[in-house]
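Below: one structure, written as structure tokens.
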């Protein structure tokens, strides 16, 4: 794993290694690279959790960070993502963390050879470190994934999280069901799990994973008001009372309070929402460690690497 | 002092300790926390002095800084201040420095328990580190506050500085007078000092503290032109010549040259304007030290801290 | 050299020292200042290469960086460049790196005495570190400058790079020719080199240095379409085939692919475009080292430096 692009690309063995490393870091374990490692965080979409989480993870590993703000970069002069990453490579970046609104933006970065690319979310596609932190949170709670029932509820169609999670949870032995407004369903996703009525899903699952209504991406509430959405598909206080003993609530955040979930439940006993965020730091440390270890030994110096022959 | 929200909350004993620590740092003294401390600077209003000053103070103390830009954070997706700070807490922040346009924004952060909150200015309310750096500057000059006369001149009503300073200066034994356009007066403030004619105030005070005309907050010049304001209430070259021997000029900056103060006086002998900025770094080091010391020992780890029981 | 403002100001001896130091850093050499050095990067224009390059150079030298974003600073309250730099000086900055759209912005900073100013590009004026990295790239290739022919092609009039480079290349013994659309010519520049037909220039030069069409500065294509410009003055695949054996292609980037240069040539064997970027880091390390060395020993502490006498 030199790049981390999608959870689908990760072998189950790799997923397990990352979770072990993440728990090791959470328990106070340390690791630093053999030499100075430079990393840049390219966030083409707004973010608090993911960006800050990577920033903390990088500092905990002792990496050097090259600050990069899209709005004040040459991207605003029309420079392409490829040329931007290629530039950072030339300047000495060993890894770049990228969030971009375009699905599979990383396909145009195939030519990049000396930089590890860590996907921090691509359009409606993948968000592998979010999946991994969700998995860590579930593992901490239940010890294993085998036989667990996980309900993923809400805006399935536009959710990077739903895709990444459904795929890997099924591979790990869990059962996944989807719920929420039918018009947001995606037949492609249904390969990994059935659609279930909202009340059944909430009452019978070990993990109730709510998705964020992405107001900023599109008009998602359809013809419903926020209150109607909450009543029809949200985790209300009443629905929470029907949850299985020992079951937990998850949400990738930012939470729309009283839309996906009642305000009072965000910090309730079942909620692992802030624990997920905390786990995110350790999962990202593990992912960065893995990427750096794979790259160490390879020479990142353009001048020595390439003979720069000139055609005569 | 785990949080620093207002100068009013500070006991005189705490103020004095901070001033001693600040002078210690200025004189080359050092202090570093026992363990890695993460801090985030959340500036919801533009700032050069205060933000850069905190950034330098944090680096001098060896803290780890989590970069945070409001415009590229999830705040632009509508995430609340509470959820933002709660997120930073989960990710590992030990302290957050906040400037926000809302008066007493910190009241909605009562539920935050593991992060020290340092107020870097709230609306028209308080700006405690500015007060503290003003105090340090005065103390360096006069040794003590007892019996000093301090004139605070200008836009009293909208000034965070006026409020914070008047309160603490009076508690320290100084006499405070206010001057400037009457329509900007505030009866609440007048408990701490009388209104005085501009010329009398300037001629009889040890410290002439000018306030900034906050063009960005409201139309403050009233019906006056900038030139009329300067003539009526500004520190002109002529007024400076009438100042008491040994008296000094202060201004929180940014200065509107030739409005509050004549251009030629900004760097004159009496001016302590840039010395105030320098002192700001050391005062902020002292404040951060105090906050960190109060927090050390308390366990900031969400997972170990909370048993995360699940209702059965 | 305490400040680096223009290449014209640099003596040839200083240029040579910087190139030697840069190569030393590139070859793995290290240097760190004797005491903590604070530096701020003030970019009033968008930049990826130059800004990131300085950021990496500063970290490699172990400097402390004060983050500064123009848009969230007091510059947006109308604070002048002078007052901004003066503030950073008071706060403890030892050096500031500035890119600004105004030609010779540094003329208004004459009063700044305790901070090194490194020009990272002023309007259409100078860009000395770009010149220096170009020189390093040429020196690596040809060993010396004596007798080399360098063609500078494109938007000469608005190019910071053209001015800086032509001047210093001629002083180093190279021959410079200019080419591109005649309406962009500049008589002032022609003192340092003749105008030459595009095909002749490309066929007879050792270094073909293309300039960027600055869409963001003005309507530069004139009445031509992008395709017509490329055909008339761009480095097409056909023109590249006519280049002298051993000759190289340079471009300061960001590249407008298929405008100044054919897409396929950006990473071709002759291209040193990404090598230039890499060299930029080492040249900037050398420049910062020189500026810091010149400042060391001088006391940057406002309080001890100045007696702050008060007129009696």
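Backbone N, Cα and C define each Cβ position, glycine as well.
Automatic, uncurated: that is what TrEMBL annotation is.
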If I go by TrEMBL, which of B:99, B:157, B:224 binds carbamoyl phosphate at the same site as B:49, B:50, B:127, B:130, B:253, B:254? B:99
Which of the binding-site residues B:49, B:99, B:130, B:253, B:254 have a Cβ less than 8 Å from any Cβ in chain C? B:49, B:253, B:254
So of all those binding-site residues, B:77, B:160, B:212, which one's Cα sits nearest to residue B:254 (carbamoyl phosphate binding site)? B:212
Using Cα positions only, nearest of the binding-site residues to residue B:253 (carbamoyl phosphate binding site) (B:77, B:160, B:212): B:212
At a CB cut-off of under 8 A, do any of the binding-site residues B:77, B:99, B:130 come close to chain A? List them or say none. B:77
Between any two of B:49, B:50, B:99, B:127, B:130, B:253, B:254, the residues recorded as binding carbamoyl phosphate, what is the biggest Cα to Cα distance in Å? 16
Summary of DSSP states over the domain 'Aspartate/ornithine carbamoyltransferase carbamoyl-P binding' (B:2-140), given as helix, strand and coil counts: 63 helix, 23 strand, 53 coil
In Å, how large is the greatest distance between any two Cα atoms among B:77, B:160, B:212, the listed binders of L-aspartate? 33
Where the distance is taken from Cα to Cα, which of the binding-site residues B:49, B:99, B:127 turns out closest to residue B:77 (L-aspartate binding site)? B:99
Check each residue in the chain of residue B:160 (L-aspartate binding site) that is at least six apart in sequence and keep those whose C-beta is under 8 Å from its C-beta; list them in sequence order. B:121, B:122, B:123, B:124, B:125, B:126, B:127, B:130
So, by DSSP, how many helix, strand and coil residues make up the domain 'Aspartate/ornithine carbamoyltransferase Asp/Orn-binding' (B:146-289)? 59 helix, 23 strand, 62 coil
Rounded to a whole angstrom, what is the C-alpha distance between residue B:49 (carbamoyl phosphate binding site) and residue B:212 (L-aspartate binding site)? 14
